[in-house]
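Working notes, beginning with the structure itself.
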């Protein structure tokens, strides 16, 4: 239900940022101007659209999740009174969310509020990105560690490691080559060439560091699989950043405007702007929601706190993200004759409630900054969101470099602090 609330508010924010929807409402809703004046939203409801309206709505949603984050601190049993607040009262929660989003429009001194809230949103958005990058690095280490544990009993795991590593590096190399072909030209596109060279060099660097003797002595499980996963993600972020970069327009020898440094076939993808907007917005919502849900599991919160399973307890399996099938619990055994019921929260919560709400709190800020085009908020609208902007470009490039830095830290930290115990 929390995910449904989140989706409803995100869709509302996208509608508020759509100039097309605003014009359609003005054309087709009778007495539109009278209604806008009646609710004191301006002559054409300008207070209910644009980046300032999105800031207010996301402020209400962020406060909603932050309050529940505080209310659910230190809950270890799903039968406690405060746990019922988290797991029930859905109708009243919906009313509370609506009241908080609406109440944000009545905050006095709106200019000061919007300026201050913008910086809070930027910090929260970057924290949300940081959590995703940390979990990606942890995922790469966990994958290699789990499959390496299987080599002790079955040598076929070596072949699996080699095959997946080869696939990862093939994808990363192929992606960089294709971007060099389609996003650069013989004359010009120097920025794209530099960025591709830098990011390609970073992929080579992390690969060499991962297999260097000094790192191997401290971390025997370090290998090319982790660096291959990170290299693939760096390649993806590089492609995403170049795709988000504003098009460069120059004059050709005939005095006509020509767009350079983008694929020729990319021009046709933006002809139907409504289709691009709908598909792009749906993909954006889906990715953010997936990031929220995968970031709020018990294993992810344990990983962020540095708690991992002991190496001797690792059981190699293809689907290593899921717990291995063990013996039936008492409840499962009793239910074999009838429906199988698993009481997954009988002895404790399967995820940390407060951490769950905190991630959604950060996601609210990330949505606010993303939908309003980060620092180009004044000219932002959802129709031009996918045509590219410098703010989104540099956010993605910064995410790419931070991801590499985080991975390098996991490799180098044991060398810099030999007396400390590092477990990945």
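Here the Cβ of each residue, glycine as well, is placed from N, Cα and C on the backbone.
Because the structure is a prediction, the values reported are computed rather than measured.
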From 25-45, 88-108, the residue range that Swiss-Prot assigns the feature transmembrane segment: 88-108
In Swiss-Prot, the member of 76, 257 to which N-linked glycosylation site is assigned: 76
Residue 5 vs residue 262, membrane side identical per Swiss-Prot: no
Range from 53-73, 88-108, 120-140, 222-242, 349-369 with most C-beta pairs under 8 A to the transmembrane segment (162-182): 222-242
Cα separation, residue 76 (N-linked glycosylation site) to residue 146 (N-linked glycosylation site) (Å, whole number): 28
Cβ pairs under 8 Å between the transmembrane segment (392-412) and the transmembrane segment (222-242), at least three: yes
Contact ranking winner - 7-23, 88-108, 194-214, 222-242, 349-369 against the transmembrane segment (53-73), Cβ under 8 Å: 349-369
Contact between the transmembrane segment (120-140) and the transmembrane segment (7-23) (at least 3 Cβ pairs under 8 Å, separation 6+): no
Per-residue pLDDT averaged over the topological domain 'Extracellular' (413-424), given as an integer: 66
